[in-house]
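Now, the feature entries from Swiss-Prot:
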type     : residues : note
REPEAT   : 10-106   : repeat 'Solcar 1'
REPEAT   : 116-200  : repeat 'Solcar 2'
REPEAT   : 209-299  : repeat 'Solcar 3'
TRANSMEM : 10-30    : transmembrane segment
TRANSMEM : 76-95    : transmembrane segment
TRANSMEM : 122-142  : transmembrane segment
TRANSMEM : 171-191  : transmembrane segment
TRANSMEM : 215-235  : transmembrane segment
TRANSMEM : 280-300  : transmembrane segment
């Protein structure tokens, strides 16, 4: 996403690198909250959950979850499975930002306008999210299975090998539909809100003011995106966590039917399991990504065009 509508354009490779650096920066700082989010989302709260072996540990909040993980499993567990999203992060975030810029150009041509409107920002963001989903699904599946409290995999490569052996190559794409829904809604909300917030704030005249505006816009965008996509993220986690050899009941398949199953069995609140750690990660994470991405783009712009 361009940090300034009047800024000189940069080739795709610069957008790709800027997005990759932004994503890896956010992941390194915020990953423990992603582990907490997954633990909450995989908690099944039906009366029969314990009987089918789904309820292993109950957590009473983000801090309680962090404490229990460190106490019972060790500090390193907070970063268990990070190698998979770390490998994913560069193409994921690069796709998010670079494809968003490319889709903006496509929609501007489609609607015969030179202006980036909020509708174009939302459409471009959602389209970039769906493209991003196709890239990240295998990495997401490995990450979810590694983060699960019941995980017995020796590492990401062990998880990858066993998944392919037991479920085939296509098993790595389990949950792609829910991932596309999740990413389209988050990206559409994130980029749409960033556009609106930036236009509503006083024009930044200094680098410090631009950074402030990006921090605020990114935080609000990350929060709105999280509110929109959390139910689909819960479904994605449930679908991807169950492997082919598991004894768990396989009742989560397609996205929308799974939403109804969770709602009927556990209530509306279950669709927002993990919302607090998720928003605690993605609100400041959204700010961090936007600031780093904008900073990297400005750095490359200075290199290419001079001050």
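Quick reminder: no glycine exception, Cβ is built from N, Cα and C everywhere.
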Sequence-remote partners of the transmembrane segment (171-191) [C-beta within less than 8 Å, at least six residues beyond its ends]: 1, 96, 100, 121-130, 132-134, 136-138, 140-142, 160, 163-164, 221-222, 224-229, 232-233, 235-236, 239-240, 243-244, 254-255, 258, 282, 286
Helix, strand and coil totals (DSSP H, G, I; E, B; other) for the repeat 'Solcar 2' (116-200): 72 helix, 0 strand, 13 coil
Summary of DSSP states over the repeat 'Solcar 3' (209-299), given as helix, strand and coil counts: 75 helix, 0 strand, 16 coil
